[in-house]
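Notes for the one structure printed next.
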């Protein structure tokens, strides 16, 4: 469900980039699409078989299913669904039960009830000194918000965020977390980082408020909503405030089949968790990239499959983790940010993200605010530089993040440059007047296939390591050229055309083509 006008701006930009002069409803012959499906399926099975073979004797100790060990390299997955599963379930279940009972007693004060439970849970988990630290940042940013100057809100917010990412402030503030347990660091930096982003959203929305100011209590209710507090996603203040307002659904009634849909989503996420756990016993996609000696022995197809599967897994993980939290928030009558778009469906940088909440935040307050319609080259360049500068600070400045930000910033701008170049005569004239639409779709698919692998390579370095990304790039672009390079691109091209076919069908559902009048209709009209 799209709730942001900024989302519409990005959709318009995507259509400008990749659908201008070519009808999105252009169809290809069914036999051609069947061929693409067969090629893609066989290629994925072949690459998967190589990975399974490489996984047979290379994995760390873990669980056992079917006599095989489990890949336990991903700390986040193990934390959520093994080590601290019971603790997280206890906290979220307590929120659901407590919030439901209190909301039934006093639905108009449900946001206050959410805040009280969230504050108490954070206090018990992290200690009163941690609460004091969070509140001190909230007070500072609230004071700045009263000035109603956006640039000042950005300076204050980014400075607060920097104190959790850079020394010596980082180490000094760590001392405010009392106790010692394995999850402490994750909860500390997660709670602090997301709190700063929420406070910045509050401050920027307060600047837009025409009459008066939002209260400090509004900020505290927004920040200490427990499901979002430690792990996100970030819901911008305007959406949260509107959804928990007593004027919005005062009786807390649900739409038809809403609970059924929530239940189905919860079961889908549970199924995804079980499927990933089973896969981790056969495909050690996270452990293998850490062993460079083993990687050098793998085929080019195995490396390409590993790189692709790592991005798919990170999307699945994000979708599941945020899906669990979103299920809880939907029980609270909220409409949270949606899971990220599947990496398999992406062939443009403009839609690439792994956290929809942060993506919406950046687009609303930075990218769309500076880039406006995203059709001016220099404005787009400035918008992307500013966006990735904030993203770099959010992720934590280091060499790997700098490289990741540079390449993704370049990729986003390069898309616009290429689109602008080919929209000029004679290219636009040739495509419009001389080239069949189906051929135009095929040619664009070739460019999209190259773009897809740019997205994979630019992002896998942040998910795994720079060494792994370099090895994949060298094997596919140089050592494997031309056979491996062209074959991987061809398989990717087949996948892109299937994605385009799915988009075509969705476009026909969203905007059906008019049915031509029949002879009987014409006679009636006469």
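The backbone N, Cα and C atoms fix where each Cβ goes, glycine too.
Whatever TrEMBL says is automated annotation, not expert-curated.
The region 'Disordered' annotation in TrEMBL covers 507-526. Residues annotated as transmembrane segment in TrEMBL: 33-52, 77-102, 114-142, 262-286, 443-461, 481-499.
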Note: vs the transmembrane segment (33-52), the recorded stretch with the largest number of Cβ pairs under 8 Å from 77-102, 262-286, 443-461 is 262-286
Could you tell me what the rest of the chain brings near the transmembrane segment (443-461), counting residues at least six beyond its ends with Cβ under 8 Å? 18, 22, 307-308, 310-311, 343, 346-349, 352, 400, 403-404, 407-408, 411, 415, 418, 435, 468-470, 472-473, 476, 488-490, 492-493, 495-497, 500
At a C-beta cut-off of under 8 Å, are there same-chain residues at least 6 beyond the transmembrane segment (114-142) that contact it? List them, or none. 91, 94-95, 98-99, 153, 156-157, 160, 173, 176-179, 184, 187-188, 191-192, 195-196, 199-200, 202-203, 216, 219-221, 223-226, 229, 244, 332
